[in-house]
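**Q** Sharing a structure with you now.
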């Protein structure tokens, strides 16, 4: 199988899996917030899923290289569907206490991590099959991810309001199964890279990935910066936004509306990135994208900008943010040798997500101590400092385009 079919299949699988995940990201925190009334417990729930996710992602890279990204993505999505189905099953049986939900979401995190890393590791392969520029292929996948976020966010609010959390989580499980089917049917079976070379031990392969990552200053800079912006993004999505909605007397659908408007703008931005990003200077676009993506929406909500204007600003901010993932992915794949893509991408993803388990807890404590407006403002200012840091860090000047790495 060649041409653009595999890219289309991977993009569709991304829409299904990310859309389903976004649904649960709204459904589970809202369930905890409305049943306990505690922002801290809401943040703890996010930590329970993301901490195992980060660890599993960091440790799973060598298996992607050994078994093949396609196989890992397919089976991880299937197992994720089973794990997600546990939540509504326990809910309907009356067994879903907060202490039962924590290990359930931890299991979901462990299974979701290798699927996400494997799908990202497939980008160079599908780009090569379709003879597509890496930045353009990454842009298509970025647009798909943003589309999934829009569908999942908008659909989550409506589904939870109309059908309840349990039924909404079943839709998430079905989305994972759809993703697995698209990967299985739409991507050609390829040999794992590990089958083409002499295998070393698992520990040695993990160490090789770490060694390769730290030899590239621009990759280290990206990972450290994004770890902090992800911390603030997670705190916003998991705690600050739901608390802002609840404090304003709005229903859960407004969590979805705000995220969907932002993601809708990001779809347009990612589509433009797929068409034009290869001709734009990376560093200025990268910095501007982060400034718009985080601090701007937070300050808009903190200062109670009228809703029509706020939604318009959110859409524009999302459009700027849509340029980020295509740039980041292109930089990664230009520098990572083909035979090491799985383990290095997994490490990059794990380190970039390393602080996310604490994002909800950080935001929950901040809201409890200082209130929602102060928490949004403080987080926006910290995010702004992280977003502007590449201007002062020499490693980021290595963002310039180069030929993709070879083995």
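Cβ coordinates come from backbone N, Cα and C, glycine included.
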**Q** Of the ranges 197-217, 344-364, which one does TrEMBL flag as transmembrane segment?
**A** 344-364
**Q** Can you check which of 98-115, 116-133 TrEMBL lists as transmembrane segment?
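**A** That would be 98-115, the stretch labelled transmembrane segment in TrEMBL.
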**Q** Can you check which of 69-92, 309-332 TrEMBL lists as transmembrane segment?
**A** 309-332
**Q** Express the predicted model's confidence over the domain 'Major facilitator superfamily (MFS) profile' (1-397) as a mean pLDDT, rounded to an integer.
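**A** PLDDT averaged over the stretch: 86.
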**Q** Within the same chain, where does the transmembrane segment (283-303) have neighbours whose Cβ lies under 8 angstroms from its own Cβ atoms, ignoring anything closer than 6 residues to its ends? I mean 6 or more beyond.
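**A** Same-chain contacts beyond the flanks: 229, 232-233, 236, 240-241, 244, 258, 262, 269, 277, 310, 313-314, 316-324, 327-328, 372-373, 376-377, 379-381, 383-384, 386-388, 390-391, 396-397, 399.
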